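Q: Mind having a look at this structure? Questions to follow.
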Amino acid sequence: MLMIISAWLSLFFTTLLAPPKYLWTLITTQGFFIAFFSMSWIFLQDFNFSNSLFFIDKISGPLAILTCWLFPLTMLASQSKMYLEPINRQRTYIVNSTFLQLTTLLAFTSSDLMLFFIFFEASLVPTMIIITRWGAQERRLEAGTYLAFYTMLGAVPLMIWLIKFYSTHGSLLPALTHTLSITQASTNYPGLFWATYNAAFLVKLPMYCLHLWLPKAHVEAPIAGSMVLAGTLLKLGGYGILRTSTLLQENALNQTLFIMLIAILGILATALLCLRQTDLKSLIAMSSVSHMNLVVAAALISSPWSYSGAMAMMIAHGLTSSALFCLATTTYERTNSRTMILLRGALLIFPLAGAWWLTIILFNMALPPSINFAGEVLIMISLYNWSPLAFLMVALNLIFTTAYTLYVLWSTQRGSLPTHIKTLFPFQIREHLLLLLHILPGLLLILKPELIF
């Protein structure tokens, strides 16, 4: 663990000292080395590897590996735009991205509550810098403000709970796993208690009603910002909820029924909102909210199957959503537009890219035997065991998801080419490689899904 963290720190030196000509090559290669080393955590999961500061188990392991895997992919994706900037700005950008991924990785693996809270909040700073400095549109400052206010207001109840916890136990240092066994104190309002200490995580996920910062942030962020937001930062919220879910008392689901209803409403409402979107990145952001509300529902049911489903859902969504943002960026770089009506007919010019669109969109639709499908099935079964009526309501989501998925495919790929588009430069090998590396882990997990359950 410490070896990989020191490898991450060496990325800072590489960024500052590498000659301009080889900067991106060296950083991406080093990122892939770290990603392959992090694969060893798959084998550590079963032994619950831990030391005084960090630990890897079945919950943090897959998410930590996902964070390490997405870093070199963000570097691959950013190159075409960033090459045009002065070298010092390129270095600043890479340092910022590295710091963002490092804080996320440390949040996933830190073993005590205080460290987790510090890294959880620290990830906000580089995200804001990436959105407000390297975003393309004029509303990026507004997006940064939304992100900061939502995240910080959500963190206040969590901080109050941490202070209360500290005053009760005299320490925040015991590992999270020990913490949970001591805090099984009965409370008169278990639902309110759950909502209080999970407010920060529900904003980060985000739960419906707390999600207004997400479409703004995604639309304004550059490609690396969108990929990291969709791939790992949203998962921090899910990780926090799963990690502290043992505090939820046995019969507390009746108390948290209101949050469950909002989550179910969010799953359906955001899927329907996707059908009304004209902006491609905004649509992908809305579909993220829909998927993440399923994770909230699964965490509230708190059965072993629902936890497995939530975990599979988060990993699958991290890969698929990130790949969709890459595809949206490839079309944006060529047409300078995210409006879907102006992107039609892409299949005629980029048949191979059309195959990528189809594959990734089918993954997003949770087509069997993809890992997305496994996650959704596990969550659906848990929902059915809890309430057949809730299951029937959420099952409507399958129809809505299919509808907006086909809407994206038809509006971007089919039809005649718009008359204003004269020249489109062809897809590069770098972009094909980027999309392959997103899909490959998803395909491999089909063969051995128990790695993330």
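Using N, Cα and C of the backbone, Cβ positions are placed for all residues, glycine too.
Curation plays no part in TrEMBL annotations; they are all automatic predictions.
When I checked TrEMBL for this same protein, it listed these features:
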- 1-106: domain 'NADH:ubiquinone oxidoreductase chain 4 N-terminal' (DOMAIN)
- 27-47: transmembrane segment (TRANSMEM)
- 59-78: transmembrane segment (TRANSMEM)
- 110-395: domain 'NADH:quinone oxidoreductase/Mrp antiporter transmembrane' (DOMAIN)
- 143-163: transmembrane segment (TRANSMEM)
- 192-214: transmembrane segment (TRANSMEM)
- 221-242: transmembrane segment (TRANSMEM)
- 257-275: transmembrane segment (TRANSMEM)
- 282-301: transmembrane segment (TRANSMEM)
- 307-329: transmembrane segment (TRANSMEM)
- 341-366: transmembrane segment (TRANSMEM)
- 386-410: transmembrane segment (TRANSMEM)
Q: Give, as a single whole number between 0 and 100, the mean pLDDT over the domain 'NADH:ubiquinone oxidoreductase chain 4 N-terminal' (1-106).
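A: Taking every residue in the domain 'NADH:ubiquinone oxidoreductase chain 4 N-terminal' (1-106) and averaging pLDDT yields 90.
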Q: When DSSP states are grouped into helix, strand and coil, how many residues of the domain 'NADH:ubiquinone oxidoreductase chain 4 N-terminal' (1-106) land in each?
A: 85 helix, 3 strand, 18 coil
Q: Ranking 143-163, 307-329, 341-366, 386-410 by Cβ pairs under 8 Å to the transmembrane segment (221-242), which is first?
A: 307-329
Q: Please check if the transmembrane segment (386-410) comes into contact with the transmembrane segment (257-275), where contact means 3 or more CB pairs closer than 8 Å and the residues in each pair are separated by 6 or more positions.
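A: In this chain the transmembrane segment (386-410) contacts the transmembrane segment (257-275) - 3 or more Cβ pairs sit under 8 Å.
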